[in-house]
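Novice: Quick one: structure below, then a few questions.
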Amino acid sequence: MGETPHRSADAGTGGTRVTESHERSAGASARLVEAPVSTRTPGGTGLGGGGALPRARAFGAERGFRGLTLAAGTVVLVIIAAIAVFLVAKAVPAIRADTENFWTFEGWFPNDSEPKFGIGALAFGTVLTAALALLVAVPVALGIALYLSHYAPRRVGTTLGFLIDLLAAVPSVVFGLWGREIFLRPVQDFSVWLNKYFSWIPIFGGEGPFGKSILLGSLVLAIMVLPIITSLSREVFLQTPTANEEAALALGATRWEMLRTAVLPYGRPGIIAAVMLGLGRALGETIALAMTLGITFNISFNLIQNGGNSIAANIANTFGEANETGRGALIASGLVLFAITLIVNITARVIIYRRREFTESAA
Amino acid sequence: MTTTVTSHRPRPAAQPESLRTKRLPRYAAPAIALAALLVAAVVVYGAGIGGPVLVVVLGALLYLVGLFVAAKAVEGPRAARNRTWSALIHSAFVLAVLPLASVAWTLISKGVERLDGDFFLTSMNNIGARDPNGGAYHAIIGTLEQVGVAALISVPLGILCAIYIVEYGRGKFAFAIRFFVDVMTGIPSIVSGLFVLAFWVLIVSPWFNDGRPSFSGFAAALALSVLMLPTVVRSTEEMLRLVPAPLREGAYALGVPKWKTILRVVLPTALPGIVTGVMLAVARAAGETAPVLLVAGGGAAINFNPFENNQSSLALFVYQQAGDASRYAPARAWAAALTLVALVLILTIAAKLLARRNRLGR
């Protein structure tokens with residue numbers, strides 16, 4: 001595991017686990033040093049040679065700097081709160097103006113004189129595409145991560161891992177362009193084939209046309225989140241203590257049994273974190289879906305017919321011709337998206353924080 | 001003496017047979033693969049249900065089943081499971097490499113088509129649907145300015161925030177900040193775009209602009225800095241924690257105040273790692289389309305001023321050209337995509353190389 005330089009690449013997962021002890025010792029020593037400085041009375045010379053030390057001032061650089069960093073820290077909380085507040089402030093008037101039920105109406109006509117729009121179909125599309133994408137991407141990503149960490153020769157694994165990291169940095173608009181110009185045709189053929197032989201399954205039914213469908217959108221999404229999940233879980237797998245692996249092998253485990261009993265359980269919190277991050281990415285993905293989905297406003301489980309939509313894709317597609325109420329409606333849909341991702345993220349973080357304490361005390 | 005040496009040879013054969021597990025011969029796996037492909041081809045073409053792709057897919061499935069059955073018969077169930085999982089893991093790798101390689105290949109082969117001097121030196125101003133030329137100069141300017149301003153905002157803020165978390169923060173408040181920085185990494189880019197739209201473009205900017213909302217590069221920079229902030233904070237935080245405690249203690253022992261220790265000792269030590277994190281954040285921000293689309297508006301003309309009027313960016317340029325009906329638009333879109341990826345990858349690779357040379361190590 002000679003080099004793992006990309007730990008800072010994605011600041012999300014379990015990164016600080018190793019370094020927790022540093023903080024404590026550094027903090028403890030800092031407190032030791034601070035104590036005599038702050039207890040000395042201003043003006044008094046004190047005992048011994050302490051008179052040469054600088055005095056603690058009420059408005060010195062120390063306090064100023066401390067206040068500055070505190071303010072910067074508070075800004076994070078302020079931003080999160082401000083996002084919620086401003087989105088709500090702009091969304092509420094639009095929802096009031098909505099003449100249909102915001103949650104259940106299937107359609108998006110906020111620019112009419114009688115605005116009608118509903119989030120139901122969009123939220124459904126968002127969740128469906130993200131779930132399908134993860135369903136495809138997670139097993140494959142874990143397979144690649146295991147291959148890179150435990151099957152491939154060291155040198156090949158490192159090189160390919162580096163390449164996968166690079167692919168994780170490719171902007172989503174590029175994947176969208178590729179999905180629309182290149183990947184559309186094979187998916188179209190595949191959809192036609194599926195429809196020909198499996199149309200008795202409702203999700204593959206329909207009369208066509210096929211192509212710009214939920215299938216295409218979620219496959220592009222899967223290809224997009226694949227490098228992210230792979231690179232995060234590969235790092236987690238590489239961190240498995242060699243002693244655990246060797247112990248499993250020494251007990252006569254085959255390589256797969258070693259992976260199943262030593263590597264996968266050790267990496268489980270990291271895998272959960274990686275999958276959750278991928279889910280967050282997939283839920284919030286805008287441009288790739290705006291370029292590959294067929295933009296309809298109905299709730300349908302049909303995967304291969306032209307159609308599908310998501311909250312983020314709808315914002316990107318209809319923002320251009322939106323008026324005052326239209327913008328408000330889009331902001332309201334963004335608020336729903338924000339709430340969904342917030343719930344997913346907080347759940348993921350709580351799981352990770354709990355697991356991290358567990359693994360730390362166990363280690 | 002020579003007899004004793006040669007007598008070692010037959011010893012493995014002298015071991016009781018039961019101690020050595022039976023293994024599939026070397027030729028078994030390729031033979032099964034070949035047989036699976038043949039059977040698949042016969043089935044597919046015989047029934048007329050598909051083409052060569054289906055043959056390969058069906059062949060792979062048959063291969064997995066055949067391998068499992070053969071290995072189970074000869075080597076036992078545990079080894080069979082091992083072989084099958086190993087084959088699955090390898091095929092996952094192949095399965096994923098295909099589309100990713102296709103993305104890379106298409107990007108390069110289609111991108112170089114329009115990658116000429118004209119592309120880098122002209123804008124899209126007055127370029128109609130029938131004009132084959134036109135370029136991304138305005139978009140490159142926009143990307144650089146927006147990302148630069150975003151970095152100016154988020155880097156100092158992020159570093160100070162990380163310093164608070166690592167050096168000063170104690171108790172619930174610091175924990176809350178850490179927690180919400182983590183949560184913030186998951187905010188979708190479109191939501192940050194909408195936030196800046198609601199806050200800056202629709203509410204604040206009318207004050208400067210005679211009551212009309214104004215789209216600008218600066219608004220895009222604000223949205224991008226919301227996205228960059230958590231990345232900068234987290235990477236800086238990790239690097240600050242890696243700074244050895246004796247360095248700090250040495251400074252304290254010399255009577256250096258804490259703030260000066262942080263600025264003069266801790267930060268310089270952690271600097272390479274922090275720069276790496278910042279570069280990765282910049283690379284991510286440069287590729288974001290949605291916030292720019294919402295708050296910068298996009299535009300065809302060159303606009304050097306990020307505080308006034310619409311600005312475009314490379315990612316937005318790709319999106320707009322991809323949606324354009326002109327038959328010359330796709331080539332421009334691919335060329336811009338290649339430029340964008342090159343920009344992002346240069347930043348990322350530089351960041352990784354810097355991280356590798358980092359003295360603190362990880």
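Cβ coordinates are placed from backbone N, Cα and C, and glycine is handled just like the others.
Owing to the predicted nature of the structure, the values given are computational and were not obtained by experimental measurement.
Below, the features straight out of TrEMBL:
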type     : residues  : note
TRANSMEM : B:27-47   : transmembrane segment
TRANSMEM : B:53-74   : transmembrane segment
TRANSMEM : B:86-108  : transmembrane segment
DOMAIN   : B:140-351 : domain 'ABC transmembrane type-1'
TRANSMEM : B:147-167 : transmembrane segment
TRANSMEM : B:179-203 : transmembrane segment
TRANSMEM : B:215-233 : transmembrane segment
TRANSMEM : B:265-286 : transmembrane segment
TRANSMEM : B:333-355 : transmembrane segment
Novice: Are there residues at least 6 beyond the ends of the transmembrane segment (B:86-108) whose Cβ is under 8 Å from a Cβ of it, and what are they?
Specialist: 60, 63-64, 67, 334, 337-338, 341
Novice: Take the C-beta pairs under 8 A between the transmembrane segment (B:265-286) and each of B:27-47, B:53-74, B:179-203, B:215-233, B:333-355. Which stretch has the highest count?
Specialist: B:333-355
Novice: So what's near the transmembrane segment (B:53-74) in sequence-distant terms, Cβ-Cβ under 8 Å and 6+ beyond its ends?
Specialist: 22-24, 28-29, 32-33, 35-37, 39-41, 43-45, 80-81, 83-84, 87-88, 91
Novice: How about the transmembrane segment (B:147-167) with the transmembrane segment (B:333-355) - do they touch, taking at least 3 C-beta pairs under 8 Å (6 or more apart in sequence) as contact?
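Specialist: No, the transmembrane segment (B:147-167) and the transmembrane segment (B:333-355) are not in contact.
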Novice: Please give the sequence-distant neighbours of the transmembrane segment (B:333-355): residues at least 6 beyond its ends with Cβ less than 8 Å from one of its Cβ atoms.
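Specialist: Sequence-remote neighbours of the transmembrane segment (B:333-355) are 106-108, 110-115, 119, 136, 139-140, 143, 272-273, 275-277, 279-280, 282-283, 286-287, 314-315, 317-318, 321-322, 324, 362.
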Novice: Same-chain Cβ contacts of the transmembrane segment (B:215-233) under 8 Å, 6 or more residues past its ends?
Specialist: 142, 145-151, 153-155, 157-159, 161-162, 165, 181-182, 184-185, 187, 189, 192-193, 195-197, 200-201, 205, 277-278, 280-282, 284-285, 288, 291-292, 294-297, 303, 305-311, 313
